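Peer 1: According to TrEMBL, the protein carries these features:
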- 28-50: transmembrane segment (TRANSMEM)
- 62-82: transmembrane segment (TRANSMEM)
- 102-121: transmembrane segment (TRANSMEM)
- 133-155: transmembrane segment (TRANSMEM)
- 161-183: transmembrane segment (TRANSMEM)
- 204-226: transmembrane segment (TRANSMEM)
- 252-280: transmembrane segment (TRANSMEM)
- 292-311: transmembrane segment (TRANSMEM)
- 323-351: transmembrane segment (TRANSMEM)
Amino acid sequence: MSMATGGIAVLLSSTPHQFPGLKTIGKVVYIFNLVLFLCVSACLIIRFLAKSSALKESFQEPNESHFVGTCLLAVATIIIGAENYGTDACGPWLQVALRIVFWIYVALSTIQAIWHNWYLYHVRMASRQPFALVRLLPSFPAMLTGTIASVLASHQPRHHALPILIGGTTFQGFGFIMSLFVYSEYFYRLNKHGLPKPSDRPEMFIAVGPWSFTALALIGMAQAAVKQFPARYIISYVDTSNSQQSVTTGDITLVLAALVAIFLWTMAAFCLCIAIISVLAQCRVFGGTGALGMALPYWSMVFPNTGFVIATIRIGQVLQSPAILWVATGLTIAQVAIWLCVGVGTIWAVATRRMLWPETEAEVDGDKEA
């Protein structure tokens, strides 16, 4: 919930067609997300303190273990939001603080990716959780390093921006390549076993994330590279002449990043369409058995799709296409509407004891039979 809300705050600050008051709305959503993050964190701490074995059981539970990394994903949206909303309002100290937080995030997400993936391999968690896409999540926080770098690097001094951009590229590549391994299993299972069970179908939107966030990170880091890279950066390694060039390293980087981002965006759009059709196919209107009742998997429709919308915005900006930017604005409106619907549905489900309440024996038996 927190990472989805934080993503909406970032989206509102990035949408191309701003109107008076939109930035204020974005700040309100961002502050609300800070409160939400603290409340959820406090509830989890109380849960783990109240029952000493709860943390261990959470790691051993297939439906919970893969989602440990979402805490760092929420932190990533908070860092990006601080850059987007705080740069104009705060002094130079904010950039210093964000730079320090960035490297702390790099360390934590790297340790988490290595240890968490090892643990899942060690206990053979895939044999107990057949839905492949959740195996993207342990490496997702490390991949978001590139997204954070794409936002932070432009406002950093050059001698600090270069390591941030190289670090962002490194871990964006790590996360994306790890996702390719999971995608191979995901598409294989779709072809062999068909669509996932109805309760897992909202999580099919997770497949949109790696393509989208890699696309927006590449363009964002390339835009920062135009400003921060020395004119002959890397090129000077093989060409030591001092000849002046009209095309700089940053320019080349931006062109390549834009073309690769478009390539990745296409796959994100494909995964998005497959997920939408799969969810709609459950509805009785289309001959299905009925839509899934309100559940936490519906939040998977928010965060990955937010990355898709921001990637669309970045592509529209770099191609200087008003048409793409207007499409992105329409997608922004739709995404905010989805976030509101899922949020209201969650509140209603919790209030009516349909979600986040201890299960009865009958419900547990029913889940096992399903």
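Counting begins at 1 with the first residue displayed.
The backbone N, Cα and C atoms fix where each Cβ goes, glycine too.
Show me how these features fit into the shown structure, please.
Peer 2: Proximity of distant same-chain residues to the transmembrane segment (28-50), defined by a Cβ-Cβ separation under 8 Å and at least 6 residues beyond the stretch ends, is recorded for 1-2, 5-6, 8-9, 12, 58, 71, 74-75, 77-78, 81, 85.
Within the same chain, residues 66-70, 72-73, 75-76, 79-80, 83-84, 87, 95, 98-99, 102, 105-106, 108-110, 112-113, 116-117, 120, 126, 161, 164-165, 167-176, 178-179, 182, 185-186, 203-204, 206-207, 209-210, 213-214, 216-221, 223-225, 227-228, 307 sit at least 6 positions outside the transmembrane segment (133-155) and bring their C-beta atoms closer than 8 Å to a C-beta of that stretch.
For the transmembrane segment (204-226), the list of distant contacts is 133-134, 136-137, 140, 143-144, 146-147, 149-151, 153-154, 161, 165, 168-169, 172, 175-176, 179, 183, 186, 196, 248-251, 253-254, 256-258, 260-262, 264-265, 267-268, 271-272, 274-275, 278-279, 300-301, 303-305, 307-308, 310-311, 313-315, 317-318: same-chain residues at least six beyond its ends, Cβ to Cβ under 8 Å.
Proximity of distant same-chain residues to the transmembrane segment (292-311), defined by a Cβ-Cβ separation under 8 Å and at least 6 residues beyond the stretch ends, is recorded for 1, 3-4, 7-8, 10-11, 14, 73, 147, 198-209, 212-213, 215-216, 219, 261, 264-265, 268-269, 272, 279, 282, 328, 331-332, 335, 338-339, 342, 345-346, 348-349, 354-356.
Remote same-chain partners of the transmembrane segment (323-351), defined as residues 6 or more beyond its termini with a Cβ less than 8 Å from a stretch Cβ, comprise 1, 4-5, 8, 11-12, 15-17, 293-296, 298-299, 301-302, 305-306, 308-309, 312-313, 315-317, 357.
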